[in-house]
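Asker: Dumping what Swiss-Prot says about this protein:
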type: TRANSMEM; residues: 6-26; note: transmembrane segment
type: TRANSMEM; residues: 36-56; note: transmembrane segment
type: BINDING; residues: 143, 147, 225; note: Zn(2+) binding site
type: ACT_SITE; residues: 144; note: active site
type: TRANSMEM; residues: 158-178; note: transmembrane segment
type: TRANSMEM; residues: 200-220; note: transmembrane segment
């Protein structure tokens, strides 16, 4: 689950920065905010830009954020097994060998990240390696390799880009309507204060619409989890995948944050399933059992 939350947080930060830049460009270039086509074009450029910048930074940020130690040369039997298992699964899935790494954490989790299928990273926590059986860990690795093979990060990026575009677009449309409604005159002072109020309103609306839009992203994320589970069942075996999920259900709630969350094996619980990046484990097991 680590991967998606880090992605979303990075994307949000980039969106906020680009949103400020967008407002400045409107003023400098004299673009009419009421021009729907021009506004939509700019929002699309910056909306998709934020997503793709997050995507390109995803592997670098994952390594830095979680202290992932990439295995260059296996130093022990566990690392040998880890690298050889991922290599075998990558061949079977038809992708290039991902980088393989370990990060220090007591929780049982793993994630995959990377901008392309053939330039990816699969990382596992030390807690997973020492708490799971080899069969269970093999299924977890297969789940992450399936995320890479399915191109899930690129898919999420495209979805997030569309969501970003419409969040930015409708925030500015609604802010413009509100600003016009409360404008009583066009004197210089009113114009100056009105511009500031418009920017604040846009910021607040982007936050509000962003929360609502995240439900769309999370829904797609949950569908990709079911697909990754099915892929893992093919690569490692259905019984191993079910056993791994059952083992995860008995463990502590993961503490992953950021974009890593969606592409980890396990996700955080939420008051509402609408905001969960992963389906409940019992649903995932039921789907595997058919």
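Here the Cβ of each residue, glycine as well, is placed from N, Cα and C on the backbone.
How buried are the listed features, and what sits near them?
Answerer: Classification of residue 225 (Zn(2+) binding site) by DSSP places it within a helix. Other Cβ atoms within 10 Å of the Cβ of residue 225 (Zn(2+) binding site) number 28 in total over all chains.
Annotation note: residue 144 (active site) sits in a helical segment as assigned by DSSP.
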Asker: For the C-alpha pair, I'd like the distance in angstrom between residue 225 (Zn(2+) binding site) and residue 144 (active site), rounded off.
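Answerer: With distance taken Cα to Cα, residue 144 (active site) is 10 Å from residue 225 (Zn(2+) binding site).
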